[in-house]
Structures are given as C-alpha cells and as structure tokens.
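Features as listed in TrEMBL:
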| type | residues | note |
| --- | --- | --- |
| TRANSMEM | A:28-49 | transmembrane segment |
| TRANSMEM | A:61-80 | transmembrane segment |
| TRANSMEM | A:87-106 | transmembrane segment |
| TRANSMEM | A:112-132 | transmembrane segment |
| TRANSMEM | A:139-162 | transmembrane segment |
| TRANSMEM | A:182-204 | transmembrane segment |
| TRANSMEM | A:224-241 | transmembrane segment |
| TRANSMEM | A:247-265 | transmembrane segment |
| TRANSMEM | A:295-319 | transmembrane segment |
| TRANSMEM | A:375-395 | transmembrane segment |
Amino acid sequence: MESTSVVTSKGTTNAVGKWFRRNLQTSMIIIMMIVIWIFFSILTKGAFIGSQNISNLFRQMTVTSILAVGMVLVIVTGGIDLAVGKFAGFVSVIVAFLQAFVWYKLIPDQPLLAATLSVIAGLSVGILVGMLEGYIVSYLGVPAFITTLGFQWIWNGAILLVTGGRTIPANQPYFSYIAQGYLPLWLGWVVAAVVIAALFYTMFNSRAQKRRYGFATNKLSLDMAKTIALSLVILFYVYMVNQYNGVQVPVLLMVIVAFIMAYLGTNTPFGRHAYALGGNMEAARLSGINIKRNVFLIFVLMGLLCGVAGIVLASYVGYGTISAGGGYELDAIASCILGGTSPLGGSGTVFGAIIGSLIMASLTNGLQLLNVTPAWQYIVKGAILVGAVYIDVYFKKNR
Amino acid sequence: MTEEIILDVQNVTKQFPGITALSNVSIQFKRGEIHGLCGENGAGKSTLMKILAGVYPYGTYDGSVFYEGQELKLTSNSIKEARAEGIAIVYQELTLVPDMTVGENIFLGKEITENGVINWDKTYAECRKILEHYKLDVNPNDVVKHLGVGKMQMVEIAKALSENAKVLILDEPTSALTEAEIDKLMEILESLQEKGITSIYISHKLEEFFRITDSITVLRDGKTVITAPTKELSLEKLVSYMVGREMKERFPHSTRKPNGTIFEVQNLHAIDPEEPSREILKGVTFDLKRGEILGIAGLMGSGRTELVTTIFGEMGKITSGKMLLEGKEINIKSAKDAMEKGISLVPEDRKKQGLVLIQSILNNLSLPNLYSFSKTWRIDKNQELKSCLQQVKNLSIKISNIENEVNSLSGGNQQKVVIGKWLMTIPKILIMDDPTRGVDVGAKYEIYKLMNELAEKGVSIIMISSELEEVLGMSDRVMVMHEGRSNGILDITEATQEKIMALATGIA
Ligand SMILES: Nc1ncnc2c1ncn2[C@@H]1O[C@H](COP(=O)(O)OP(=O)(O)OP(=O)(O)O)[C@@H](O)[C@H]1O
Ligand SMILES: [Mg+2]
C-alpha cells in the first residue's frame, strides 16, 4: 500500500517537473515574481504582504494590465502600439468631461444613468479610434510604429484641447465605483466559490472530452494539483483582500478582460491566425488567412481595451488631467516582454503579460514602501527589466 | 587515389530531447573522394554534418571525430573554427542574406578590410575571381533576392569554397537545381576532386550518387547501415538499404479515369505588379480534367511558379485571358479567395511560404483548417489534434511530439508537414509546386500514393516538378512551359524526356 503511494507521488513530481520544463517561460516568470515578493516582504518586515498593500498593489496594476493584455496580441502580430497610454488618457479626460460638464445639464440628478452613458461613450470612442488606427495600419499600409507614434502626439494635443489645461473632476457616485468600489465581503467569497467550481468543472469536462476522443489524459493527480493550486491562490487572494475592504471591482474587471483575451487568443481561429501571421506572414496568407482584416480587428480590440483602461483610469484617480496615461504604453510593452512575448512577433501569452505587469507593479509598490526615491525606482526597474529578459534568453539558449 | 583518411567519425551519438538523432555512427572519409551520404528523412544526415561543421560543438555529442589524425574539438566559436580548419558546408536550407549582393554574401563574416574599413573594390574583384574560377554565371553586384533558387545555390557553394576548404559538405545541393545546373555542379565537384578536396554529398536523387560518388554510406534511424564503394552498389540495393525493405517500383499504380473539364485557363497574360513592364505570363492555355494529374514541366525561370501563384491570386496581375472553374468565369483576388473556391496551393519554398517555423507541428498542420475544427467560434482542440495526428500517420511524418516546434524536424519531414496542411483543406483542385523536393524515396512513394488516391476521388492535381521522371511517372498529361508560355501539352502515352526537353528549351 505504502509503496504504491510513494510511486504515484513520485510520478506526480516528475509530471510537474515536465510541465515546468515544457512551460519554461511561464514557470520562470512565476518564480521571478515569487522571489520579488519574498524579497520585498522581508525588507518591509511583512508590510508588503499585508492585506492593505496587496489590495493596493492589485488595484495599481489594473490600468497597465488591461493595456498589456491588448498589447500582447498587437506585438504577436508583429506590430506595436505606442499610442495606448495617451489614448487611454484621452478617453479618461473625455469621460471626466462628460461627467463633470455634460450629464448634469442634460440629465440632472441621475448619477447611475450618467455613469452608464459615460462608460458607453468611453467604449465607443475606443472602438471608433481603434477602427481608424487599424484602417490606417492594415489597409493604408502605414507601419504601426509610425501610425501609433503619430497618434500619441495627436492625443497629447487632443487632451490639451479637451481639458484646456485644467483638471476635471470625475469622482461622482456610481462612476467612482468602477475603479474604487469593493464587492461586499460575502459576494467576494461567492465569486471565489463560483470560479473554483468552474475550474473543477472545466478540468473534469476537458478530461472527459479527451477520453471521448481516445487521447491519453494527464495524470489525474497532476490536473488536480494544478486546479487545487489555482484555487488556493484565489482563496488566498480573497481572504487577504477581505481582511481589508474586499475584492476590488477593477481587479475583477481586469481578470475578466484577461480571461476573455486569453481565450480569444488560443481558442478561436481569429487568435490563432494572429499568432500565425506574426510568425510568418506569407505562410499565413497562403493558408487563406485574411491578414488585413485580422490586423484591423486586433487594433479595434486594442482600441476597445484602451477605452476600458481610460474609464478605469478616470474613475480610479477621480479626475481627468493633461498628464493622464503618460508613459503607460511603455509599461504595457515592458509587461508583455517581461511576460515572454517575443518582440519579433509570433509568440506571447496573455497570462505572461499579466504576471509581467504584476511584477512591474510589485517593483513600484515595493520600492515605494521602502521609501526609495523616484530616481532610484526608475533605475532599479530598468535594470530589472533588462536583467530579467537576459535570464530568460540565457535559459532558452541552454535548455 | 591515396587511401589516407581525412575525417574519421567514431561512435558518434547525438540526442535531442525525446529523440536520438544519431546512435553510434562511425564513418571514414578518404582524402580526395566524393562520399555520398543517403538515408530517409530524419535519418540523421544533416545532424551528422552539423557536428562536422561545428554547429553542434564538441561536448554536445558523444563519441569523437578525428580530422587529419587529430581529434576535432570545436568549442567556443565552433562554426568559425571549423571553417578555419578547412571544413566548409553548404546547408540544406539557404543561408544567404536576401537583401545583400552576391559579393557581400560571399565575404560575409570574412570581409576584406583595410584599416578596419571594408575595401569594396578588392572584395568584388576577389569575388569575381572566385565566380570565374568555378565558371559560375553570376554577377557579384546582383542582389541575392533577385536570383533564382538555382543561382542562389551556386552562390552558396562559391561562398563555402571561397575559403580554402579541404572538406566540402553539400547537404542536398541539387534539390532546387535544374538538370543543366546539376551538370554544372557535377563538373565543379570533379574539378575539386582533382585538387584533392574531399566532398561529402547528400541527396535524395539517388541517380546522382552513381554519376559522381566514389563511395556511399547509408544511414537509417541514426545508425550506419553500410559504407561501400559505389561500384559495388546498385540503385535497387541502395533503396533497400535506405528503407529497410525492397521497393519494386518508384511510382504507384493508379486506376483513375479523368473525365470532364473542371478548370480552364485561356490565353492568360500577366504582369509583375511591382514591375509592370515585366510580363511574367505571355499566353498560357490549358484545361484540367476532374480527377486528373496534370504535370507542368519547364526549365527554371520558365514561369511555372509564376503561373500557379497567379492562378492562386497571389502574384501576377492578370492583363488578359480568363479562367473558368466548372464552366463559370472566375476572378481570384487572394489565396483566401482561391481556397474558398476550392483551390489549394502547396507552395514552393517551405521555409518562407509553407511553415510558421516557430510554431508547433500541430499548429502548422491545422492553420488553414481552423474553421473546419470549429463548429462555433471556438476551436475544438480535441478534433484538431485528432485530425492532425491522423495526417501525421497518413504521411508517415517522423515526429517525437506533435507539440514540438516544426523547426526541429528534418527537412524532408518539414516538407511533409507542408503537404499535409494543404491536403487537409480537401480542395477540388490541388496545386503542388515541387512537392517532393527533399523527400526520401520511400516517402515520395507515400506522397504519390496519396496523390493517386486523391485523384481517384475526383480531386484534380496540378503538379510542378523539376524531375522529369516524376512528371512522367505521375501525370496523365504534361504541359511544358517555355518563357512564360504554354508550349504544348503532351498526353502521357506520347510524352518522352526528349519531347519534353525539346518543348522546354523552345526547340519544338
Ligand atoms: N534541433 C533539433 N531539435 C530536436 N530534434 C531535432 C533537431 N534537429 C534534428 N532533429 C531530429 O533529429 C532527427 C535527424 O534529423 P536530420 O535533420 O539529421 O535528418 P536528415 O537525415 O537530414 O533528414 P532529411 O533528409 O529530411 O533532411 C530527426 O528526427 C529530427 O526531427
Ligand atoms: Mg537533412
């Protein structure tokens, strides 16, 4: 009896090891994140890992993450979008402008309706601009780098026009809830329970499907280990943030966005076509893929996500300003690259980008806790970005 | 001839994750001989050559290699070291920089400098000398991407020889060459032999071994099967050593009966859209029957590839003439368009047009077929895996794991992936541009069988091939192209090599 249990546990360890080797990139970056967390936790004597800080950390990463999640697909197709930061900023000032100056005249005393309209407006602007950029890049053939660089300047100007240099308040009720709200504690647990149930259902369902097709399934112990580990992470997170104020609405939003994008990227022809055309455009075209439409749609998606990010940004900071969104595009790009997206196109994952931006946010947050001056924060972040990518390159070469 | 051993490979074993590419291989190469190396796709030929050339440095394999009596220990800058030692290699896949000139390419990595600055005059003068020496008809100032594949191959060889090589490794140098170019290559190799240079020659065109080599080694599944003087071997023996059984025929028998016209091309003219003054098709007329295999023969540059890519909507701009599919005039704007109408193309260049090298075998096979695996907007990954595994089996593609990068496959197996992905689209008309390039005899036979099966099911196939034997062995009719024109269509019963060549060179 005893010997069999030893054998299975050894088998599982082997299987886990195999998984790690197969997913070297993902494993590496997760390990890196854990190392950084441990490091900061020790240096800050536990303050870093405290529930209030964890809560803040996740909220701080939302805007960049939402941008990074869209950026992954843009970079995967071999493009780049330098306009996302300032565009999200533009959406945020537009939304703030509507909140502060327009709705109260048109529909006074209806804050819920006003907030809803603001969201719709922000998303619409996102989609429309995405369509315009996508059209210019894919149908007119102007390189993405140039198009989006141009748009970055355009948004700089547009933001100045809308704000007139002033700060516009966007802290009205309901609207604030989008990025400052918390789920009631009990609802947090309910969400966690639902997600965990879904995880287990998916796992068993996919095993059943595989068996129906006559494929060997992973060891049950391995699948269980993976699902349980993920569930524990979720439970731990909800427990931590419930110690403070509860699950934040924007974090939930970010997770939903990331999930949808990840699913789109790996499980639909659209997503797979994007990866293929980034890897070899000519082979993709000869495979019957409509390259132009695919690239166009990716920019539309990116625009939509900029809209989401802009709304969250306005709600989070509570006002629209001329500096809104400055430099976010670089944070988003760095998150992608840190998360294993190839700058040459063709490969990269949404999950990696999320972890990448969590690492970036952790660095900022941890260094702030340690009272490191902004100057050194930049220097450390820059060095870590380059160093981390080097480690990745090194391991790939010596696999 | 001296019997001195220049290269002695002893018990070399090379492993990749999940696969043993070479196990205990020992071969001796004599100075001044032309040594043929053959074996099925994935037998380990290229891997062994890459060990000799320093791509896989000392320590990444087991066993030893002795070169001129000394153990070869290529380490840090191993590729350069091997070159300095006098081991030159022409890789299976072209390695020229397309946007550079011939001269720049040949001297890439060993630029002629004066005080740290490149002396271009001297570079080009040297380059011209090399090209003239080997009687290569190439201008050193030409940009490589404007050359045909055959000339590129010649430039590769010149590049390898530009550094006094003692051993020249040629990994499938003739897979993209025309008959005339092959003749030229043979001449060059013979003149090298007279100078005492050893050549190691890999090919899947087995006849070539009997024209040129002194001895032959056969590899199978990473093991040496036999090394013997060429005169003691015959084609049949060689094939049976390679595939491990006897092969009675090169081309499988078929009972197909083409009937009814499915596709017609009438007096097609087309220009190069990037260079409108250049006419790439100057009048092509043919018809294709349901369930027929139509071979297209012609010399390199006769417009065969241009014809099929133009039909596929991907290259030329049609200026006059028309195309009829099932009696209706059609206008194809893109590959997507063509595929929706039931026409698929297996392209010529697997690396550039066929595969996404950084992706898995699975993803490559399924790429043109994703919609057929998705009932809704979601891909049924189990269905995808099942179909692709089936295809791997049908084509006997040698893989260790379908999730591995397609880049890790041997050249011939990559070619099978290319064929497989477009076969899965279940077209009405399948156009194949040199489909068996670099594929071993056994696998060729499998591909031919598949083509026959398809034709028997009513699929019409247009096959371009540079191997006349293949054209004659597989086609129902042969269309011969000459300078962008269709110069005649021969029924297989009347077609001979001579007649085809006469049409191809414009004599007839
Ligand atoms: N970098 C690599 N990673 C993993 N496997 C590899 C790699 N390179 C080669 N292999 C495997 O090693 C085996 C031998 O490959 P090799 O390229 O030497 O074959 P080959 O004899 O040259 O075949 P071909 O005639 O098709 O060119 C194949 O099974 C191939 O898949
Ligand atoms: Mg090879």
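The count begins at 1 with the first shown residue.
A Cβ is built for glycine as well, from the same backbone N, Cα and C atoms used for every other residue.
The transmembrane segment (A:61-80) and the transmembrane segment (A:247-265) are in contact, since at least 3 Cβ pairs between them lie under 8 Å (pairs 6 or more apart in sequence).
Counting Cβ pairs closer than 8 Å and at least 6 residues apart in sequence, the transmembrane segment (A:139-162) and the transmembrane segment (A:87-106) reach three or more and so form a contact. Where the transmembrane segment (A:375-395) meets the stretches A:28-49, A:87-106, A:112-132, the count of C-beta pairs under 8 angstroms peaks at A:28-49. When each of A:112-132, A:247-265, A:295-319 is checked for Cβ pairs under 8 Å to the transmembrane segment (A:87-106), A:295-319 comes out on top.
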